[in-house]
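Peer 1: Below: one structure in structure tokens.
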Amino acid sequence: MSTVVSEPTEIAPSPAAVRADGTPRSYAVRTFGCQMNVHDSERLSGSLESAGYVRSDSDDADVIVINTCAVRENADKKLYGTLGALAGVKRERDGGMQIAVGGCLAQKDQHTIVEKAPWVDVVFGTHNMGSLPALLERARHNDEAQIEILEALETFPSTLPTKRDSASSGWVSISVGCNNTCTFCIVPTLRGKEKDRRPGDILAEVQALVDDGAIEVTLLGQNVNTYGVEFGDRQAFGKLLRAMGEIDGLERVRFTSPHPAAFTDDVIAAMAETPNVMPSLHMPLQSGSDRVLKAMRRSYRSTKFLGILDRVREQIPDAAITTDIIVGFPGETEEDFAETLRVVEASRFSSAFTFQYSIRPGTPAATMEDQIPKAVVQERYERLVALQERLSLEENEAQIGRRIDVLVSVGEGKKDTATRRLSGRGEDNRLVHFALPEGAEEPRPGDVVTVGVTAAAPHFLIADDTSGYSVRRTRAGDAWDRRQAESCGVPAPSSAGAARQVGLGIPTIRTA
Ligand code: SF4
């Protein structure tokens, strides 16, 4: 693969990031929406920290950034509710606070946000996240709201500095935007046509994450497996997966979300033949009815979908496959819904994100006739959830007795303290709660333990078989130790030479 690398986007220190007494101003980012938004927020944090702001995470922060989502239901109510609550906080702070709104809903509503909430200082879109520090500075200097929305991508967001939330795992964007036109989806309108990142940039960012201690990477794209469409290589995604296998120290590779229409056998082969590509696959079904798929403008049909799953399982027998399903799309009949139940039963997903269809203004489906009454959607939804809960439980029960490797996470289980268990993710991405043997050394987040599965629930596994329990201390665990030490202001000896927490998206410049 080409190893040409783009120049990183540099963010200059901003005078607006410093209080009158010389101390740095603080910021907090609140994220609504999907994984793309979570990753975008890491870049917003990185840009702000490069400009000189420090993280706070509380409502007392000097700058509150809301990264919005227009895909989820009631997105605007959630935004204006949050802004309403912040209005009072800002009034009490008497000019000491700024509020910025970015992301998909900002791209869509633009001036409406400042009309409805005139106490907002900055509105920016999905294409110019790196402008946030400059816009905050201008808003402060001019004492008026700054609205800057670009219709096309200014710079590929991954060249922006990134402040990662996890020491062991990182998100790496390989493309943004989407060339499809699914009739329920606002993404093509708000994020534009697919833009693919150069392979050299992707590999360089992954290498930089690994050098910084990460052992797991998730490749992100709205339509991840059409990667390469922009530079005319239909097999580019499979090649990229294989290239991930060459990166020393990278133990777990995942990706989300692929589109069934473009899911080709070379990708399945690359998954099966690249040892660090994990046996998990998120494959959005949306509907099992061919008639509804056509109305959704999803260009695969149920037979093709099930055929992909068969071929994945032939080559990767332990693959855990998850999905997204929408219930109650306009015009969905009882027969259509029965098709969805049939395909779900046959697919044996290990879990599913199930959604009740609701109108998203601006999408073609919003104005379709035959919108389904809420009560009908609800009743179908409950039947689908009941079916999927049974399947999830059966699929998880089939894991009992297996010995599995779990990447320890930072507290994923609410009851962990009460049950004295720790949590993490198996290779197939299942959530696992596990017990420690009496007197055993506690693994750090980022370490990998081997445990035996003893029980199952629809949404997690319990692994209390401690015979043969082992811990493998990893570089990710070391990176977690460093972060802990640095957050207490104590430089950890092992951090010498390692990048500080604000890593650039690509490795040519380090902040160390
Ligand atoms: S593939 Fe369809 S659902 Fe996914 S982002 Fe593109 S238009 Fe939206």
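Even glycines carry a Cβ here, placed using N, Cα and C.
Pasting the feature list from TrEMBL:
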REGION    1-20  region 'Disordered'
DOMAIN    25-141  domain 'MTTase N-terminal'
BINDING   CYS34, CYS69, CYS104  [4Fe-4S] cluster 1 binding site
DOMAIN    164-394  domain 'Radical SAM core'
BINDING   CYS178, CYS182, CYS185  [4Fe-4S] cluster 2 binding site
DOMAIN    397-467  domain 'TRAM'
Peer 1: Taking a cut-off of under 6 Å between Cβ and any atom of ligand 1, tell me which of the binding-site residues CYS34, CYS69, CYS104 pass.
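Peer 2: Going through CYS34, CYS69, CYS104 in sequence order, none turns out to be close to ligand 1.
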Peer 1: Hey, does DSSP put CYS104 ([4Fe-4S] cluster 1 binding site) in a helix, a strand, or just coil?
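Peer 2: Note: CYS104 ([4Fe-4S] cluster 1 binding site) is helical by DSSP.
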Peer 1: What kind of secondary structure is CYS178 ([4Fe-4S] cluster 2 binding site) part of, going by DSSP in three states?
Peer 2: coil
Peer 1: Please report the Cα separation of CYS34 ([4Fe-4S] cluster 1 binding site) and CYS185 ([4Fe-4S] cluster 2 binding site) in Å, rounded to an integer.
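Peer 2: Here the two Cα atoms lie 13 Å apart.
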Peer 1: Given the binding-site residues CYS34, CYS104, CYS178, CYS182, CYS185, which one's Cβ is surrounded by the fewest other Cβ atoms within 10 Å?
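Peer 2: With the binding-site residues CYS34, CYS104, CYS178, CYS182, CYS185, fewest surrounding Cβ atoms within 10 Å: CYS34.
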Peer 1: May I have the list of same-chain residues other than CYS178, CYS182, CYS185 whose Cβ is within 8 Å of the Cβ centroid of the recorded [4Fe-4S] cluster 2 site, in sequence order?
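Peer 2: Surrounding the site, in chain order, are ASN180, THR181, PHE184, ILE186, VAL187, PRO188, GLN222, ASN223.
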Peer 1: Would you mind listing, in sequence order, the residues at least six apart from CYS69 ([4Fe-4S] cluster 1 binding site) in the same chain with a Cβ closer than 8 Å to its Cβ?
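Peer 2: The answer is PHE32, GLY33, CYS34, ASN37, ALA75, GLY103, CYS104, LEU105.
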Peer 1: Quick one: average pLDDT across the domain 'MTTase N-terminal' (25-141), no decimals.
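Peer 2: The average pLDDT of the model in the domain 'MTTase N-terminal' (25-141) works out to 86.
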Peer 1: Translate the DSSP assignment of CYS185 ([4Fe-4S] cluster 2 binding site) into the three-state scheme.
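Peer 2: Looking at the DSSP assignment, CYS185 ([4Fe-4S] cluster 2 binding site) belongs to neither helix nor strand, so coil.
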